[in-house]
Amino acid sequence: MGKHWKYFFLLLWISYLLVSGVLLFVRGFLLHRVSLTHKSTCKISNNTCTVGDKPALSNHSDINDGDVPAHCFNSFDSDEETNICVASRAKVILFIIDALRYDFVYFNRSLDDSQVLPYQNKLAVIDELLTHQPNHSKLYKFIADPPTTTMQRLKGITTGSLPTFVDIGSNFATPEINEDNVLDQLRSQNQNIVFLGDDTWTGLFPNRFLRQFAYPSFNVWDLDTVDNGIKKHIINEIQKSDWSFLIAHFLGVDHCGHRYGPQHVEMSRKLQEMNDVIRNVVNTMDDSTMLFVIGDHGMTSHGDHGGDSDDEVSAAMFVHSHKPLVTGDFIPHREVVKQIDLVPTLSTILGLPIPFSNLGSVILDALPSGEDISDQQYVLKALKHNLEQVTSYIHRYSSNKNEFSQEKLTLLNTNFNKLQDQVQNIFDSVKLKYFAVNALEYLMFLRKMCEEVWVEFDPMLMSRGLVITFVTIFFSFLIVDRLPGEVLNTTFLLVGYISMLIAVVVCIVSYNLDLVLNLEQGIYFFTGIVSLFLMSILIIQNWEPIVTTWHNQIKINDWTHVFCRMLVALSLVVMFSNSYVVEEATVLSYLFLSLLWLFVFNLKVSKKETNSRFRSDKSLFGSLNLHLTSSRLKVICLVIGLSFLLRLSHYYWRCREEQSGCESFVTHKPHSSGTFIEGKYRNAECLSTLVFLGMFVSFARIWLRSCGNLVGFSPNIALSRYSPSVIVVCTGGFWILHSLPRDMKLKFFLPWQLQFLPWVIYFVTATAVVIFFIQPLCIYIIPKQKDNLISVYGQENAIPQLFHQVKDMMAKRNKFNKPGKENVGSGDKQFPVIYGLATVYSALFVNLSVFLCLFIALLLGDVLAPSVLLMVTICIGLLVILAVLQCEKSVLTAQLFAVPWSFVVCWGLLSIYFFYGTGHQPTFPSIQWDAAFVGTGGQFSNHIIPALLIGFNTFSSQIIMGLMLPLVLIAPFTLWVMFPKFITANTDIKMEDMRRGEMLLFEKDGLFYRGMFTLCTKYILFHGMRMFTCMFAATIHCRHLMVWKIFAPKLIFEGLGLFVTIPSVLVAYLITIRITSELENLLSRLDKVQR
């Protein structure tokens, strides 16, 4: 096995240890709530209280409270079963209008037509019913519990439980609900359910419905398919009498928000459509039916949801019944209710046991009035049933898991006993209301008690993850720069991988013997322990050279290294502050620019240039001019330019809900949204984006042509010459097609035609990647019969002439292989001239970067696409600066292969910064879901393709900069051969070496692979340190008020960023191996030809 593969497998090993440590921690930090599968039961009681022969407390009784016996109020005999529920009073139609924010329903009469926004005053039928039938209709602010994703909200409104934070990850995989819920209670009572709409329901509740009309839900670009399907069947289903519960889940409003935002005219159309549907249903349903219109969550000003901002959690609930609702002074009125309060309310209306895991409280003034028993008795029974169910659940849950303190359990029992005593002493409506208020306060206390301790952390798993991650980073830090290269020539790697394999086998056997409870966690832990044990032995064996190298590095390090470490420490410390996490984009921008200017002030002046300047001008001005050498002046100009571009990238920042006073400059929505004037502006923005993409492609082509890497007609050259232009044209066509009015698109195009152009881009990009892997060398060999250098592809000898390089290398190889033979360079043999050999490594990375950037620009959309071009431009400028610094401070050629930590930190800070610079934030509402529908139209059989598209969109900076990482090492050689006057040589020996360009990397492959391994390891460790800090911060703040709002999302996004960075870096390393392998084959073939 070659040394390059040994370096790769060592890098892979370190990466695995980091990933396993993170996964162990996450398994302990983001645990699911324990779900109890118990089912509630109750006995229906319709005891009627009479005074003499007259019914007491009936809704039309003329008997006063003072004449009513006490048992008519409490209506519970001591011998009667405690778990009592009331009989059904109505059938229920549940309309779920996805993302129905409260202000979408609230009718503001103070606004005239010119002031009304697209989402305001469109549901006029609700206002009419509230105004003209106030005793039959109620409107509530319906508060959702985060995360505000659809599946978690459906769990809440059917089980009454609080979903945990990690449940958000299963929003696209709908596992069947196994907790007690309203639907299962209906089925157990032999009552039928009809469903129409979002197919998420059929995944959560399979085989529960008498009839179902389910439609795909994930295509957020489709505003009408689901809603039209519901409208087609809804009236016919309502008129049937074989059901007790009908559910209709509309998606058009939510999809309109995702695609256009709430301010778009399409939102007005969808809300008016909902208004017509509600009006038709109200006119169709009979007197024994109630209508509930609810939103499962709200939406932000951009139309997104998933977090816990006010706009996201504030939904609406409207209740209407042809019969009067329960009214009177004996019930407390609420204008704001929790979504989980819907569960006991529906259970009471339908005459069902309240689901066992429910934590909601019954909404008393949303209950229907009836004639079977009085409203007072009805309310009392509903409250008592609710109290007993919630208390029973808390006792059962606490008996299984010791999460609640004994003090709180004692207080709970005391308050419950007080409420039981109150029930026995209710003699009039005043005491009934007092009991109702106390009961609701008690239920609220229980819910808050659960919220405080709901997430069960596993400290053992968390500590294991922290230890493995920290020790891996520490050991790797010791190894990366200081371990002798001869160690890899031993069997250490083989022993390491065999040991991990044995550990996996032992874990599997132990799992089958029930010695290990969780196989996945066992494998992570035991392989990690075995690996770290072997690494510790390696470090102990080589402790002397490690310490010696470390000591020598400390002696030669200057104050810039100390300052760099301070910047890294600052970038890590901010993870512990919620305020700094919120403002991390600003912090990263400041740290990156600070590091750049530090490079300027630390740039050393070559002695040759210093002496010449000092001899020419010894004045005060000359002394000042001495510090402004040509190299320093060039670097200063580049840093100023990068500072300007970085400031320009702030335009694409996205604001968080916590950032008061922050305003996003871009809407992050397609340019087809907005008013006519906004549309004209965005059309101009789209056109400018296409111009920038065209310029980007042109500059890349000019560079490759100047390097000689765009000469010839081989498949890889043809692809790099023509394909980027094709991609830009297809991208522009796709954006233009989707900017057309909806009616025009439906009239002139089929759905597949609208998605054809992205598939062309995907095909061309995939083909280019495959071709570049098969044929990675972008070179052209001039045929022998051409004696003179001729113009090729419009180029007149403008490429680096590498005749002498090939000749010298082949001569050295022949001399080494055949000692005593005459140098082949002195013979009469004709050596070929090869175009592009001096930039053979960088050319492939440039080509791959062009294709990847164009692909990501398509996913980002016309609004955000320029941000990725800004990122690449800043990366190029940074590479030039780092190349100049590396060349200026190196005395020996070998020093060019050792990339310092400060360069790695600078590159890493930029990769993290442009996560924000491409319009992202570590919050779930900021995920750009539109990327999942580019080329798919939302029609796919699984979620792999949309997940990949969203991943490329979200973590584009980590992917691009991970793949471009080798250029940090390659750039000095590229810059020297392309712009030899840009850098001042320190020694004649280095100048002679650097004339070889990037072929020096091939010739000194031992130094090259050692430098690549060191560079890749440092870069991964930089991201690993950030991940460890996030893990540690989440551990410290696990009971912090902002843990689920700030620290946990940051942990998840940082972890995903690490998981994306590692494969990108590994692929980049493999690309260098592939290029070197093909170069070896090329020179071997040329050597055979010359012989």
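In case you wondered, yes, glycine gets a Cβ from its N, Cα and C as well.
Pulled from TrEMBL, these are the features on record:
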TRANSMEM  461-480  transmembrane segment
TRANSMEM  492-511  transmembrane segment
TRANSMEM  523-541  transmembrane segment
TRANSMEM  562-581  transmembrane segment
TRANSMEM  587-605  transmembrane segment
TRANSMEM  687-704  transmembrane segment
TRANSMEM  756-782  transmembrane segment
TRANSMEM  833-858  transmembrane segment
TRANSMEM  864-885  transmembrane segment
TRANSMEM  897-916  transmembrane segment
TRANSMEM  959-979  transmembrane segment
TRANSMEM  1056-1075  transmembrane segment
Intrachain residues whose Cβ lies under 8 Å of the transmembrane segment (687-704), provided they are six or more past its termini: 710, 720-721, 724-725, 728, 731-732, 735, 778, 843, 846-847, 850, 853-854, 857, 862-863, 865-866, 869, 872
Interface-richest range of 523-541, 562-581, 587-605, 833-858, 897-916 toward the transmembrane segment (1056-1075), CB pairs under 8 Å: 833-858
Top Cβ-contact partner of the transmembrane segment (523-541) among 461-480, 562-581, 833-858, 864-885 (pairs under 8 Å): 461-480
The transmembrane segment (864-885) touching the transmembrane segment (587-605) per 3+ Cβ pairs under 8 Å rule: yes
